[in-house]
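Visitor: Before I ask anything, let me first share the structure, which is written out below as structure tokens.
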2 protein chains.
Amino acid sequence: MAQDEFSLIRQWTSRSNGQEGDGLTVGIGDDAAVFTPAHEMEVVACCDAMTETVHFLKETMKPADIGYKAVISNISDIAAMGGIARYALISIAVSPNWTKAEYEQIYDGIYEACEQYGVRVIGGDTVSSPVSLHLSVTVLGEVEKGRAIRRSQASAGQLVFVTGHVGSSAAGLDLLLNQERQEGEAGGQELIAAHQRPAAQINAGRLLQASEACGALNDVSDGLASELWEIAEASDVRIVVEVDHIPILEAARTYARQRGKDPLDWALYGGEDYQLVGTIEADSLADLSGRFAEQYIPFTVIGRVEAQGTAVVIAREGQRKVLPKAGFNHFGHVDGERR
Amino acid sequence: MAQDEFSLIRQWTSRSNGQEGDGLTVGIGDDAAVFTPAHEMEVVACCDAMTETVHFLKETMKPADIGYKAVISNISDIAAMGGIARYALISIAVSPNWTKAEYEQIYDGIYEACEQYGVRVIGGDTVSSPVSLHLSVTVLGEVEKGRAIRRSQASAGQLVFVTGHVGSSAAGLDLLLNQERQEGEAGGQELIAAHQRPAAQINAGRLLQASEACGALNDVSDGLASELWEIAEASDVRIVVEVDHIPILEAARTYARQRGKDPLDWALYGGEDYQLVGTIEADSLADLSGRFAEQYIPFTVIGRVEAQGTAVVIAREGQRKVLPKAGFNHFGHVDGERR
């Protein structure tokens, strides 16, 4: 990419919403940004990267979607700590295979996500990449001192919940990769939107943080199975999930039937749903359900935490089975029947 | 890169020095890290990326050097704000063209730099890259509230200084790219070390911050000309630099003579020296020189700030000339004589 195109990206970056004030002492444009967290708040920091061909294809994600989702995946990590997202640093490696217009659209998506979640872009770096586009985002947020929600605090007797629906993003990706099915597919747009324009569950995280009833919390970036195992291992607990309670969109179920697939595979092993999964004190359920309902955030109890050992077990009609961390082998399928 | 190699990198990352305590509430391993800046300190945040073939070649940088330098370039940005570096987030896109041993060495270099500067690795991301290695580092630091040193505070009457020597890194790179000259080159190792293992000037930055006599400050990542122009533009001042006062290592001068090159080109347009360049109140010079001498940090006055307009001018024996932002065309060379 020529020098003038670099300048262009710097120009897009400096259209930044990173104005000083409201805790930000030095915004974008100096060697580093400087900010003060609000009174009685700590800083929450995370970093997530996306590479062309590995995390997205031009065929499945528009440039603005790529920028949008790279920011959302980070805001989602802040949500999973019970925090508020405040600032972003955007590191982009630009490849000669993309046009100036496409890069501008990536930044449109980045700023769209940032503005929706009140995040200011305070820095970053623009470098070249010989072949593939690479986008690495750091998001900094805030959470009340000593009250971040960790994944290691699940304990026996707590209930396991998930927000929203899971498997929608993987269903949407499947639909995008089978383009001939997209036209007129009932509910297809809902699934595609879940893949291209996921939401981060900041409001749900804040509600859980304020309740003081939340044990462990994760965001569903790698599929429900992986997230549940992370909680089970970090907390050293046995988690039992009622498979039939896992919330899956009707559109995903319908599309799965048409494809001869099991939508549970998408829910358990798909990922990129950016919903929150975690544990709550059993006696807080009525109160929390009410608060989630007031904010129109679907909130579903899918299991409970048992004391013994580190495991994730799925249950259906009294039958139990250890949930594999990866791959799939559910009830009702003979091993090797698929794949 | 296969799944088990990813696990290996996660393992190296988790050998992290990011233990909790001393302000760090949640270390590496959760969705995000959580920390509190020290009392009366603000957070300083920056992000710098490096791509294979663009920022380094396997021929000029060993894997450990790459990791080391990626961290140093960020710590240098914290130094240029007068801050202390505290935490790092490491985002790496791994390519199949590198071996497991090489990746481990990159992490060795990352941790070596972090340990030398008291920086704890608190997060990051490991993804695949189809072709080239990409490394993006975010460093978070601290500075006294409201007292970060900006590049926009230069004012007329101040003196312009630079720490250490400039042009050494570019001279070292030139030497590395002309391998046949390396053997027995007098001072060659000093230049190569400046390129492969640069230091970040945290101590110099802290000294300047404490003095309250520093106007503007930048680190020399892109060459002295570019940094001086950034200060001149941000502060709207005219900077006059005495060319013959720019500190260049004797080894660089000697090597330049052998190559028929002008070492000033390396100093003004080479970059990656990670020295600090800035302005100080004229009446603080004696005191500051003494403090730098006590810490054995070379400190050289190279010019002064004049009031009128935005410009960088170089002077030699009474002659003056506007310094080009890029490229080179110094005194004593007829245009077109070289290149």
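Glycine residues also receive a Cβ, built from the backbone N, Cα and C atoms like all the rest.
Straight out of TrEMBL:
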- B:D31, B:D77, B:D219: Mg(2+) 3 binding site (BINDING)
- B:D31, B:D77: Mg(2+) 4 binding site (BINDING)
- B:D48, B:D125: Mg(2+) 1 binding site (BINDING)
- B:H55, B:E272, B:F328: substrate binding site (BINDING)
- B:Y107, B:G124, B:D125, B:R151, B:S221: ATP binding site (BINDING)
- B:D222: Mg(2+) 5 binding site (BINDING)
- B:29-143: domain 'PurM-like N-terminal' (DOMAIN)
- B:156-313: domain 'PurM-like C-terminal' (DOMAIN)
Visitor: For each of the binding-site residues (B:D48, B:D125), count the other CB atoms lying within 10 A of its CB, then report the residue with the highest count.
Guide: B:D48
Visitor: Taking each of B:D48, B:Y107, B:G124, B:D222, B:E272 in turn, which of these binding-site residues have a Cβ less than 8 Å away from a Cβ in chain A?
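Guide: Out of B:D48, B:Y107, B:G124, B:D222, B:E272, B:D48, B:G124 lie under 8 Å of chain A.
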Visitor: Compute the C-alpha separation of the residue listed as 'Mg(2+) 5 binding site' from B:R151 (ATP binding site), stating it in Å without decimals.
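Guide: Spelling it out, the Cα of the residue listed as 'Mg(2+) 5 binding site' and the Cα of B:R151 (ATP binding site) are 15 Å apart.
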Visitor: Rounding to the nearest whole angstrom, report the longest C-alpha distance spanning B:Y107, B:G124, B:D125, B:R151, B:S221, listed for ATP.
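Guide: With B:Y107, B:G124, B:D125, B:R151, B:S221 as the binding residues for ATP, the largest Cα distance is 32 Å.
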Visitor: Cα of B:Y107 (ATP binding site) to Cα of B:D77 (Mg(2+) 3 binding site): how many Å, rounded?
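Guide: Just about 21 Å between their Cα atoms.
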Visitor: Residue counts in helix (H, G, I), strand (E, B) and coil for the domain 'PurM-like N-terminal' (B:29-143), per DSSP?
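Guide: Going by DSSP assignments, the domain 'PurM-like N-terminal' (B:29-143) contains 34 helix, 46 strand, 35 coil.
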Visitor: List the binding-site residues among B:D77, B:G124, B:D219, B:S221 whose C-alpha is within 10 Å of the C-alpha of B:E272 (substrate binding site), in sequence order, or say none.
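Guide: Cα within 10 Å of B:E272 (substrate binding site): B:D219, B:S221.
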Visitor: Would you please pick out, from the binding-site residues B:H55, B:R151, the one with the fewest other Cβ atoms within 10 Å of its Cβ?
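Guide: B:H55, out of the binding-site residues B:H55, B:R151, has the fewest neighbouring Cβ atoms within 10 Å.
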Visitor: Whole-number Å distance between the CA of B:G124 (ATP binding site) and the CA of B:D31 (Mg(2+) 3 binding site)?
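Guide: Spelling it out, the Cα of B:G124 (ATP binding site) and the Cα of B:D31 (Mg(2+) 3 binding site) are 10 Å apart.
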